[in-house]
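Here is what TrEMBL says about this protein:
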DOMAIN    122-300  domain 'L,D-TPase catalytic'
ACT_SITE  251  active site, proton donor/acceptor
ACT_SITE  270  active site, nucleophile
């Protein structure tokens, strides 16, 4: 909290001293080794942000290696492709005004007030806007990985819970929203959809399996679709579960290729975790029984089963659009869910005056 507050004070000072950032004009993509009249502006912009030690150079218009390194860090921290090429996307991000960045810092300072600060022996943090998950011991991050989060139309919610157990070789019951919006239209278009995706049709009340041909797909009634454990299962081989009101959990995925994308809002709300087996071993915290080899052995029979954690681990699913590096550099993440504006609107709304309490005139004039 104090780190973000200090960053906010620094950015307010920047605005007072220098005004808004120098704007980088549109033009051809700038690449290392090129000379261009826009390079001095780019150098000045990155110097003000704290990514370059000096705003000048011996050859001012040369895009040199020092500038390239600063651009690549800016791109990485902004969830852009870190190729060093300053194209339209990078220019657009560079030109976001200081005043808007101040608003972003204010919104994140407010978010930090929502969560009670607790020192915990172990904790799991999902940084939604950063598309990452962190496992901490005694306040230090000992493991982290990339995640895929809910699409903008199916946003992953923000909440706290406690990890209770892990499911090995999970089955997948299609959630109502996915059934209604995705599966049912696909089945109506192609009756082979069920077989292609290894989905069984079940009576929701009795659990009895139904023949797809017996279902009126125009109005299917109270049914469920379930995918058995195995290759191609939507949840992969592992699910990490914790109580919540949203049917959200962490899980493996067959869609491993999506982890290479810079921005990873691909899921229907649940959180897909890269290298989830490593995290499960850490959560189990039992090297004798649940080493990497032990987990693989337990998965090898393909049977679905739940394994309780010997000690539950707190989990925080949070949405922060600002990060502060160890060197104090402030990086701003894309507001993928568009939530900053609502927080700022609430912060800037006129506060209602409190009605005056009824006071006895005699008491008011006393003394």
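We count from 1, first residue shown onward.
Every residue gets a Cβ built from N, Cα and C, even glycine.
Listed in sequence order, the residues of the same chain lying 6 or more apart from the residue listed as 'active site, proton donor/acceptor' and placing their CB within less than 8 Å of its CB are 170, 235, 236, 238, 239, 240, 270, 271, 272, 273, 276. Taking the Cβ of residue 270 (active site, nucleophile) as centre and 10 Å as the limit, one finds 22 other Cβ atoms among all the protein chains shown.
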